[in-house]
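Student: Below is one structure. I have some questions about it.
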Amino acid sequence: EKKYDELCEFCKKHKTRICYVVYGVLITAYFAVLIAACSLNFQRALPLFVFTVLAIFFICWDFLIAKYEDRIAAFFSPGDQYLKKQWFWLKWVLCAALIIMIICWLIFDTAKRGSRPLISFCGLVMYVLLMLIFSKYPTRVAWRPVFSGIGMQFILGLLILRTKVGFDVFNLLGIQIQTFLEYSDAGAKFVFGDKYTEHFFAFKVLPIVIFFSTVMSMLYHVGFMQWLIGKVGWIMHVFMRTTPVESLVAAGNIFVGQTESPLLVQPYLPYITKSELHAVMTAGFATIAGSVLGAYISFGVSSSHLLTASVMSAPASLAVSKLFWPETEKPLITLRSGIQLAKSESKNLLQAASEGASTSIGLVANIAVNVISFLALLSFLDSALSWVGNLFDYPQLTFENICAYVFMPFSFMMGVDWEDSFIVGGLLGYKTFFNEFLAYERLSKLIQNRKKGGSMYINGVKQFMTVRSEVIATYALCGFANFGSLGLVIGGLTSIAPSKKKEIADSAFRAMIAGTVACFMTACVAGMLTVPGMEVPCHILLGNASNFTDFPPNSTELVECCQHLFTSANHSEVIFPGGTYSLNSWNMCCQILGQPAFHCT
């Protein structure tokens, strides 16, 4: 007993050194494993190597900032002072250079890709002007957060959608997340049996929400989510000059839901201004939670585009919020270092996992009952509207048709093809008046129809859209801005900040509109930057376009398909049309390319 007490006393006395030794041994063992894995097959060990390099970089960064922050600030202080002195004329030079760059880029990009990106740019300008016209205080707008937010949105889109490295990284990330989410199938199969996929939504989609909620709770417990949100929030705070509370909540909404992210800064909510409160709610409406992101991916919607939309909409939400409700008060919480993010209350990792799964019960039940009730209500509305339309010899009247006509101009200005703007308008109506689940479910059917091929029109009704329209619709729908979420936000925020009850109720509807416009602006940026590949197989494209009703005869897609057709014919002894290509397709390609008689007689 005496020896045991002496040992305990020794451990307490040298606790720090013992921890260093244990950490040293573990780190040495980790690097030994890493070196061995890289030696055996570096290509296979590349993800582990990249992860290690990033971890080392951020650990060193945090260490240097924590220990030498004052010295670093003093080192850059002369440059900061010089910029402040010269900022009056420098900002005009930068604005002029930026405008010239945008004009040149639009000219060259329009010449290369046609007028569709230009329409998306005009749509972006239109939404900014609409927000300014209907702003709470149009003359008090601070343009730094607005232009910085749109600029960050554009730069993120440029890096992800136009550079090979960025696209490959996000595409790989999307594939890995999709693979990771499929592990929820093991639990669903055990609970619901081998035929669980027959009830796709209940037994395939909803278990993903439970699994993702569990993982997020575990990451929150170990402090990773707080660290990641803090880093993203710091970037937005520095570049956009938004307050720490706004920046952190907007960053949090990339990963968690609109009622969970304000909990990160709950102690500071009673002291925020009306504009900050509006920004907090707008960020929630403009983004989606990580837990439901997995559900939308399971529908068949592009995982890389959903991830990109979630990231791009965060700065856009702050830009639109500061335009729609400018700051007119002096914020009380301004020091970034004074913000302390809330910590997990779980005692250990297992408790965190269990609490994450239990917390998801309410979310899963809420999703299920809303989908059931809204689909039933939609069916009733369609039946009633069809009856009314039948009185005027128009039985095709439905809720989707009405929404399509209302939102059609907005979808067209995002850059959606005119033929598809009616369909996307209907999707936007579903999302706004019901929820994004119904809209993404409908979008997934359109995507599946395109992948299956077949006729583009059946009885005058378009069966699928172009890939470009699908991409823009994915970005436009990626947000919680709907009337169902309106009550959820008012109730959730009121419960954690009761002193702000009146301000929450007054600004919630404006925040929902701002969140909707933020999603539309993200879709505009996607429309300017996205470069989709071949949209449908060539034989289907040529078959649909044989009468030039769906595509113009000089479209890039048709030219590429015709070139491919004649190239394949050059390497074949069989010249007579056959297989998947019809005689009309050959005749059309002869007219487009003007091929010699060898192919076209």
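Including glycine, each Cβ sits where the backbone N, Cα and C put it.
TrEMBL: automatically predicted annotations, no manual curation.
The model shown is predicted, which means the values in this text are computed figures rather than measured ones.
Annotations per TrEMBL:
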DOMAIN    122-194  domain 'Concentrative nucleoside transporter N-terminal'
DOMAIN    202-300  domain 'Nucleoside transporter/FeoB GTPase Gate'
DOMAIN    305-527  domain 'Concentrative nucleoside transporter C-terminal'
TRANSMEM  20-42  transmembrane segment
TRANSMEM  48-66  transmembrane segment
TRANSMEM  87-108  transmembrane segment
TRANSMEM  114-134  transmembrane segment
TRANSMEM  141-161  transmembrane segment
TRANSMEM  200-222  transmembrane segment
TRANSMEM  277-299  transmembrane segment
TRANSMEM  363-385  transmembrane segment
TRANSMEM  472-496  transmembrane segment
TRANSMEM  508-529  transmembrane segment
Student: Under the DSSP assignment, what numbers of helix, strand and coil residues are found in the domain 'Nucleoside transporter/FeoB GTPase Gate' (202-300)?
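Tutor: Within the domain 'Nucleoside transporter/FeoB GTPase Gate' (202-300) the tally stands at 80 helix, 0 strand, 19 coil.
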Student: State the non-local partners of the transmembrane segment (87-108) in its own chain: residues 6+ outside its ends, Cβ under 8 Å from one of its Cβ atoms.
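Tutor: Hits for the transmembrane segment (87-108): 117-118, 121.
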Student: Based on Cβ pairs under 8 Å, which of the stretches 114-134, 141-161, 277-299 lies most in contact with the transmembrane segment (363-385)?
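Tutor: Between the candidates 114-134, 141-161, 277-299, the best contact partner of the transmembrane segment (363-385) is 277-299.
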Student: Which range out of 20-42, 48-66, 277-299 gives the transmembrane segment (472-496) the most CB pairs under 8 Å?
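Tutor: Answer, by Cβ pair count: 277-299.
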Student: For the domain 'Nucleoside transporter/FeoB GTPase Gate' (202-300), what's the model's average pLDDT?
Tutor: 85
Student: Under an 8 Å Cβ to Cβ limit, what residues of the same chain, 6 or more beyond the ends of the transmembrane segment (48-66), are close to it?
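Tutor: Counting only partners 6 or more residues beyond its ends, the transmembrane segment (48-66) has Cβ contacts under 8 Å with 34, 37-38, 42, 72, 231.
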Student: Determine which residues of the chain contact the transmembrane segment (277-299) at the Cβ level, with the cut-off under 8 Å and only residues 6 or more beyond its ends counted.
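Tutor: Cβ under 8 Å, 6 or more out: 174, 177-178, 181, 184, 204-206, 208-209, 211-213, 216, 242, 245-246, 249-250, 253-262, 269, 306-307, 310, 313-314, 316-318, 320-322, 324-325, 360, 363, 367, 436-437, 440-441, 443-444, 478-481, 485, 489, 493, 500, 503-504, 507-508, 510-512, 514-516, 518-519, 522.
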Student: Using DSSP, how many residues of the domain 'Concentrative nucleoside transporter N-terminal' (122-194) fall into helix, strand and coil, respectively?
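Tutor: So the counts come to 62 helix, 0 strand, 11 coil.
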